[in-house]
Amino acid sequence: MGYARKVGWVTAGLVIGAGACYCIYRLTRGRKQNKEKMAEGGSGDVDDVGDCPGARYNDWSDDDDDNNENKGIVWYPPWARIGTEAGTRARARARARATRARRAVQKRASPNSDDTILSPQELQKVLCLVEMSEKPYILEAALIALGNNAAYAFNRDIIRDLGGLPIVAKILNTRDPIVKEKALIVLNNLSVNAENQRRLKIYMNQVCDDTITSRLNSSVQLAGLRLLTNMTVTNEYQHMLANSISDFFRLFSAGNEETKFQVLKLLLNLAENPAMARELLRAQVPSSLGSLFNKKENKEVILKLLVIFENINDNFKWEENEPTQNQFSEGSLFFFLKEFQVCADKILGIESHHDFLVKVKVGKFMAKLAERMFPKSQE
């Protein structure tokens, strides 16, 4: 009886696996038609959330990037690492499997094809494959299929109702960087939905920790920042990131240009919320933050950082908090802005910047800061 039950489970697994693999092949034959929606810096809208004041950042992720830096990583079974002829053959087979899975993902369907959209039954099979499989190259292909489907608004509800959120979130515990990145992309696309956000909030601390501790400028770190940016489009869950703002400023100072932009989008979402102004001013900022204000720095980086400072300056009630300055520690953003002369020296150093818009923004920010820090009544 036990033997028959075991054979039954094996047969069921093969049937589900075969059906899911077919679904993945159907879906990943072509690139989704709405790729333009998944470009960075989207509209900032969230399904059924309502109005979002200001220019909030809602980031979509393209999970079929031909320039993915991690595509050269191939998973090998333990016995393939032995320097023997059998190990060499095993490694060759592993590379071939990874190549076949990757080629299936990269195939393109005709522009008018509906094969990119899976039915609920097919999505259920793919989710079963994600839940049951332990092979990284299979998980990668399945997660790409889910990510492509999660680009469609109606599929976000279906995947949630099929129990897909905890299934994909469980993959975040993997050590494989490619699989973790794909799981973050799926959750990122699913998070553009009010109900999905309410259910995904329990994973925000884990995503935040993984993002901060990941290799600097890595694909996993960028995918995590995009997910956190989506989760902060509205004010409802921003307080969950209060203890990590200092780390975001550190990433901003140390990261490359792409990382800087992604952190700025996240910080700008936080800065537009008056309830987060105090938390932002409490954050410890690197001493190198002021050095970013120079002629060599990217113009857009300077402008976005100035907008963040302006929003914080506008949202914080300086007069009411003047007697309680001791709640802000040395090295905080509060003291960075409070030390007006030091700040002025660093910022006014780019007044000769060749870009007129930068000059205007710098002048506007300095005027506002001077008015708040040194009101006329105290002169």
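From the backbone N, Cα and C atoms, a Cβ is placed for every residue, glycine too.
What you are looking at is a predicted structure, and each value in this text was computed from that prediction instead of being measured.
Among the ranges 45-68, 93-116, 309-332, the one that TrEMBL lists as region 'Disordered' is 93-116. Averaged over the repeat 'ARM' (163-200), the predicted model reaches a pLDDT of 96.
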